[in-house]
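What TrEMBL lists as domain 'FAD/NAD(P)-binding' is 24-398. If you look up TrEMBL, you'll see CYS71-CYS76 marked as disulfide bond. Residues or ranges marked as FAD binding site by TrEMBL: LYS80, GLY144, THR173, GLY174, SER175, ASP383. As annotated by TrEMBL, NAD(+) binding site applies to GLY255, GLY256, GLY257, TYR258, ILE259, ALA260, VAL261, GLU262, GLY342. Under the heading domain 'Pyridine nucleotide-disulphide oxidoreductase dimerisation', TrEMBL lists 418-527. The annotation active site, proton acceptor is assigned in TrEMBL to HIS517.
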Amino acid sequence: MARKMLIDGELSQTNDGAETQFEYDLFVIGAGSGGVRAARFSANSGAKVGICELPYHPISSEVIGGVGGTCVIRGCVPKKILVYGAAFRGEIEDARNYGWELNENVDFNWKKLLQKKTDEINRLNGIYKRLLSNAGVKLFEGEGKIVGPHEVEITQLDGTKLCYSAKHILIATGSRAQRPRIPGQAMLAKARRTPGHLSGAKAAPVGARHLGALLITMFGCLGCRGRPRGGRELGITSDEALSLEELPKHAVVLGGGYIAVEFASIWRGLGATVDLIFRRELPLRGFDDEMRAVVARNLEGRGINLHPRTNIKELIKTEGGVKVITDHGEELVADVVLFATGRSPNSKRLNLEAVGVELDGTGAVKVDEYSKTNVPSIWAVGDVTNRMNLTPVALMEGTLFANTVFGGKPSKPDYSNIPYAVFSIPPLSVVGHSEEQAIEQANGDILVFTSSFNPMKNTISGRQEKSVMKLVVDAETDKVLGASMCGPDAPEIMQGIAIALKCGATKAQFDSTVGIHPSAAEEFVTMRSVTRRVAAGSKPKTNL
């Protein structure tokens, strides 16, 4: 008798003739953007799907998560809400020259904004749960791990364990903020603060004290597992920064990436003194150098103190706050020190090594171009793979996974011309190649078109802050290779530009497009004069 077994992700036949039966066609570990998308779309194709996610709270840990994932609960959405709130300070300043008579003292209520932010992520958490339910996906709350090529184990809130078999398993556990190792002097608390001490906790669907007790039952003392020591104890990550009970008067931000720049803008916009410390000459390593310089000028123009080529040497807890000592001997005393020094894939507690799933040196899950791991029945999407860590990319990967495995349409993610933004104030947005990338990859000369101008709004308000736009063009083919903008509404404008680049638009097609007047966006179709021509193999020459 022959029996069917799964080989390379498909049923095959063995000697006794029976088919292998699985309880689920797909089981997803992680209900963030990529996991929820993959689960829903797979279910819509007829698959029986289960998904598990850690219990919900705005601040994550190894044992706390929430349906909706980082973007919805402790990332893009709450951050953008705070950016909106912070931007009003500049708007109020600008309004005076537009005839608005305002009192000198305008009050700001941090706790009100924080509660509104928490209310919104609670609402979105519920929406994501309903999306799963409406698609027929079975949701389990607890910690999932893989115990075999076709088997997952879920530890529920009360400590009980459930095991299920699945034809396919998808890892979509995302990433978490990491803390640098910095020497420090601090009195260590007896236990780490449980979720009940965190701002907004009482608005969460699960009671904080009960959640803390259940997590201790499941995983042991929260204060005893991997507690940061010394200087690491004296700083916070972006998770905590989104739920601070009190708005800091003085914040020090360590890092030069988009998270560091965004939080520096938020806190400065809300009235705090902000010092931004980063190791490079300019923030936002990896972005176009010319645009990095524009962002740095804007940050300084908004009153943020920049400390380039600098690192934190030591943190010391004092009665007045946290003393920050840099490697240049500078001393700052802050209410809050934010570590914005990168994120790590959430793969440690999944038992992946035991089932043979390969990881890279950062802990990211290795996958092929279809998001399949080296174990044919196990797949991975989103930040846990450390490919391009953006929410819309995770959504794309989740969609194409469902198409490949259950939709009968094998599909590879296309990572070319993906637009993204830094929500500084004002924001930066880009699509395609930076000037540096274009020169490195080009076979011929590169044409660079730039426009720097004072937005019409600023001519009345008096704000001295220029918008800058840039197009990078292949001189031989006339194809637009990249676009950048730093200025108000840059992300909204760049989304449309991204469509043009995805369609392979040429500079001549940009030039033949009629602009909307008066608008900032029309500059992208009126940049007629070449700012510079860069010969193949040359180094970029920017007007910094």
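Backbone N, Cα and C define each Cβ position, glycine as well.
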- [ ] May I have the DSSP-based helix, strand and coil counts for the residues of the domain 'Pyridine nucleotide-disulphide oxidoreductase dimerisation' (418-527)?
- [x] 36 helix, 33 strand, 41 coil
TODO: Determine the most Cβ-crowded residue among the disulfide-bonded residues CYS71, CYS76, using a 10 Å radius around each Cβ and all protein chains in the structure.
DONE: CYS71
- [ ] Rounded to whole angstrom, what's the largest C-alpha distance between any two of LYS80, GLY144, THR173, GLY174, SER175, ASP383, listed as binding FAD?
- [x] 30
Open item on the list: What whole-number Å value do you get for the CA-CA distance of VAL261 (NAD(+) binding site) and CYS71 (disulfide bond)?
Closed with: 17
- [ ] Please work out which residue of THR173, SER175 has the most C-beta neighbours within 10 angstroms of its C-beta, and give that one of the binding-site residues.
- [x] THR173
Open item on the list: Beyond the listed site residues GLY255, GLY256, GLY257, TYR258, ILE259, ALA260, VAL261, GLU262, GLY342, identify every same-chain residue whose Cβ lies within 8 Å of the center of their Cβ atoms for the NAD(+) site.
Closed with: VAL253, PHE263, PRO283, LEU284, ALA340
TODO: Pop the Cα-Cα gap between CYS76 (disulfide bond) and THR173 (FAD binding site) into the table, whole Å please.
DONE: 16
Task: Rounded Cα-Cα span from GLY342 (NAD(+) binding site) to GLY174 (FAD binding site), Å - done: 13
- [ ] Looking only at C-alpha atoms, tell me how far HIS517 (active site, proton acceptor) is from GLY144 (FAD binding site), rounded to the nearest Å.
- [x] 54
TODO: Express the distance between the Cα positions of LYS80 (FAD binding site) and CYS71 (disulfide bond) as a whole number of Å.
DONE: 10
Task: Cα-Cα distance linking GLY257 (NAD(+) binding site) and CYS71 (disulfide bond), given in Å to the nearest integer - done: 17
Open item on the list: For the C-alpha pair, I'd like the distance in angstrom between GLY257 (NAD(+) binding site) and SER175 (FAD binding site), rounded off.
Closed with: 16
- [ ] Within 10 Å of each Cβ, count the other Cβ atoms, then let me know which of the binding-site residues GLY144, GLY255 comes out lowest.
- [x] GLY255
Open item on the list: Neighbour count first, Cβ atoms within 10 Å, every protein chain included; then name which of LYS80, HIS517 tops the list of recorded positions.
Closed with: LYS80
Open item on the list: Let me make sure I understand the span of the NAD(+) site: among GLY255, GLY256, GLY257, TYR258, ILE259, ALA260, VAL261, GLU262, GLY342, what is the greatest distance between any two Cα atoms, in Å?
Closed with: 14
